[in-house]
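Undergrad: Sharing the features that TrEMBL gives for it:
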- 1-24: region 'Disordered' (REGION)
- 1-14: compositional bias 'Polar residues' (COMPBIAS)
- 51-70: transmembrane segment (TRANSMEM)
- 54-478: domain 'Major facilitator superfamily (MFS) profile' (DOMAIN)
- 90-110: transmembrane segment (TRANSMEM)
- 122-141: transmembrane segment (TRANSMEM)
- 147-168: transmembrane segment (TRANSMEM)
- 180-202: transmembrane segment (TRANSMEM)
- 208-230: transmembrane segment (TRANSMEM)
- 293-317: transmembrane segment (TRANSMEM)
- 329-349: transmembrane segment (TRANSMEM)
- 356-377: transmembrane segment (TRANSMEM)
- 383-412: transmembrane segment (TRANSMEM)
- 424-447: transmembrane segment (TRANSMEM)
- 453-470: transmembrane segment (TRANSMEM)
Amino acid sequence: MLGLQRETSSMYKRTSSRDYSPMVDVEDSSGVLENEVNNEMETTNPSWKCSLPHVLVATISSFLFGYHLGVVNEPLESISSDLGFSGDTLAEGLVVSVCLGGAFIGSLFSGGVADGFGRRRAFQLCALPMILGAFVSGVSNSLAVMLLGRFLVGTGMGLGPPVAALYVTEVSPAFVRGTYGSFIQIATCLGLMAALFIGIPVHNITGWWRVCFWLSTIPAALLALGMFLCAESPQWLFKQGKIAEAEAEFERLLGGSHVKTAMAELYKLDLDKTDEPDVVSLSELLYGRHSRVVFIGSTLFALQQLSGINAVFYFSSTVFKSAGVPSDLGNIFVGVSNLLGSVIAMVLMDKVGRKLLLLWSFIGMAVAMALQVGATSSYLPHFPALCLSVGGTLAFVLTFALGAGPVPGLLLPEIFPSRIRAKAMAFCMSVHWVINFFVGLLFLRLLEQLGPRLLYSMFSTFCLMAVMFVKRNVIETKGKTLQEIEISLLAKP
């Protein structure tokens, strides 16, 4: 099979852009191109091995995202002591959360950067503030310098995830796109766990927290350098009018025998949108013909955060401490649950589909949060209540990682038309960061004023709302090419 594939690829002669260009009347061109697609359709899928290295390099950005989310958790006490703000909870909170402000800024610009400079250059621009910010944080001798470094890192964190979702979606063959999309969540989990393990010596080695920051410059440099060897998104090249380059990248990613089919689909899609302007404005995203898919994407990200996932991550240490489990061991349990759920999602994504995973994930999260509510009952003995609380926490994280965690970042680039894909992802990620910020800001206050029973009941209700929203609004994209998805959405009123 491999020999046959190499033979086919070597016999392939790249067709020039003129061979694809529509030379017939507009009313007949769609049918001609459609026939070409049918005639050229391969009976076998393209090799997944061609695109895998490019996807793996791109997911380094997700590893960095997870790492920087968790890098200050263990060392925070040492950082505050060395920099002179020990006991100042506001300053400690700023060190943790200033990344969110930077991430919001980065996400706002991610669409323009990805469309203006290309996906590969966007990754490299994402790595630069992460390298600079990690270095500044590591050498800081005051709170102000530390906050500057964390803010710089945050801008890279905000830029990276939308571009990673775009890139992985656009370079992956349709039959493994769900599996490759799950790599993003797995890489984020591995980054979080790496930050935890690297931070363990911080209480025994003076100044180890500086090393924790400096080590992150290594994967960031690998991302920037690795992107010189990776393929550019063929969809982006086609939008720029670089037809020959798009053909070459399709050949690298899919194999030579699949290039004609992929290019013909792009041309057919382009013919359906000749009357649309090149510039994508905010008003078009909110009120234009594609406003419905933007609404679906924004709502999915909002419900993801309103489910309480970040509150659960924040409160898990307290839950485990009350059960007599050390916080570092509890964090490991949470990390393993997150990773296990992500691996299961990777296996199932291209078998059962995105929509089913989302539905069962949110149902499982609602049940897990109900267990947390039950644990607060005064009628339960202490030990069963603790078991329910710990079990509910781990079940919540596991079911989140099965669908609500990885699916939105994969599904949205699939359903967004290519012309608005980068800008729409940037808008939806901005919504994600805003909701994330307010949940983190208000959680402890609401927990104090409303109590855990009512607050966790609210989170469970949001999960059930998400189930109804997904069932009514989300389409299945498993096994479809991006062009097939876009054409089917354009056909809907």
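Even glycines carry a Cβ here, placed using N, Cα and C.
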Undergrad: Do you know the mean pLDDT across the domain 'Major facilitator superfamily (MFS) profile' (54-478)?
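TA: Mean model confidence (pLDDT) across the domain 'Major facilitator superfamily (MFS) profile' (54-478) is 87.
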Undergrad: Take the C-beta pairs under 8 A between the transmembrane segment (51-70) and each of 180-202, 329-349, 356-377, 424-447. Which stretch has the highest count?
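TA: So the stretch in question is 180-202.
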Undergrad: So if I exclude everything within five residues of the ends of the transmembrane segment (356-377), which remaining residues of that chain have a CB under 8 angstroms from its CBs? That is, six or more out.
TA: 303, 307-309, 345, 348-349, 385-386, 388-389, 391-393, 395-396, 398-400, 402-405, 407, 411, 451-453, 456-457, 459-460, 463-464, 466-467, 470-471, 474
Undergrad: Ranking 180-202, 293-317, 424-447 by the number of C-beta pairs under 8 Å to the transmembrane segment (329-349), which range is first?
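TA: It is 180-202 that shares the most Cβ pairs under 8 Å with the transmembrane segment (329-349).
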Undergrad: Other than its close neighbours in sequence, what residues sit by the transmembrane segment (180-202), given a CB gap under 8 Å and a spacing of at least six beyond its ends?
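TA: Residues 51-52, 55-56, 59-60, 62-71, 73-75, 78, 161, 164-165, 168-169, 172, 208-209, 211-212, 215, 328, 331-332, 335, 338-339, 342-343, 345-346, 349, 401, 405-406, 409-410 contact the transmembrane segment (180-202) from elsewhere in the chain.
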Undergrad: Looking only at residues six or more beyond either end of the transmembrane segment (293-317), which have a C-beta under 8 A from one in the stretch?
TA: 285-286, 327, 330-331, 334, 362, 365, 369, 393, 396-397, 400, 404-405, 408, 411-412, 415-417, 420, 424-425, 427-429, 431-432, 435-436, 439-440, 443, 447, 456, 459, 462-463, 465-466, 469-470, 473-474, 489
Undergrad: Within the same chain, where does the transmembrane segment (453-470) have neighbours whose Cβ lies under 8 angstroms from its own Cβ atoms, ignoring anything closer than 6 residues to its ends? I mean 6 or more beyond.
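TA: Answer is 299-300, 303-304, 306-308, 311, 355, 358-359, 362-363, 365-366, 369-370, 372-373, 376-377, 404, 443, 446-447.
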